[in-house]
């Protein structure tokens, strides 16, 4: 189920002195089953872009196609689109409202007019997918830890059984362990064939999890490629206020000191493996 942008521009408050072009002639295609990371400076259009992917926003000009459905067409039933494309906002736990975890996660499936048995199946499955014990279903979501509450919010989206999952800074405010757990969950969804789009300010996260990385700047597509292709262009990223993953910075420092580090090192695991390889080579060279 590809998502296609065709020359999309979006203007907030058009026709007023406060008009602002948040997207400017964006064209791209997100293929089925890929994990995309979206990065860019504050105000670059990242959130506006993803809100076009399930019809929360419509283009001022251009077209957005999701599974062949034209989201620019006012006749398109956006409910069908939102059942296929799940969107998880920043701090989604702030949107929890059900008296119980079950009631919260069941909200979406019930709005799809599903039978009680199917709703229960989806809720139980979604809780298991986010690593929560289904036996928790009768607990209040408001007594959970931040990481658990975020999992409940994520389960509420997964219960709709979308084919595309879009996440806007899903680890914001979590401790390192909570961050890793959420990202590992999302990475697991991608490995099952789900299309995942992750908006993040963390270069390390997109380097580790994304198949492709989109860089937005001033509402336009600034760069697009694999993590190692993009982070090899460090000077261009720094020119627009972005950094590189810690592993890339470390690899650059080691190369300056004469270490033979491969050019495609972008994650810390890859950096460790490369360093071990160099050290093993030196140890072998020192043997009589």
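Heads up, the Cβ atoms here are built off N, Cα and C, so glycines get one too.
Residue 44 (ATP binding site) carries neither a helix nor a strand DSSP state and counts as coil. The ATP binding site feature in Swiss-Prot is assigned to 40, 41, 42, 43, 44, 45, 46, 47; the stated evidence is sequence analysis.
The domain 'ABC transporter' annotation in Swiss-Prot covers 3-243, and the record cites sequence analysis as its basis.
Residue 46 (ATP binding site) has a Cβ environment of 23 other Cβ atoms inside 10 Å.
Within 8 Å of the Cβ centroid of the ATP site, not counting the listed residues 40, 41, 42, 43, 44, 45, 46, 47, the chain contributes 216, 217. Regional average pLDDT for the domain 'ABC transporter' (3-243) in the model is 93.
For residue 44 (ATP binding site), the same-chain residues that are 6 or more apart in sequence and have a Cβ closer than 8 Å to its Cβ are 216, 217, 218, 219, 222.
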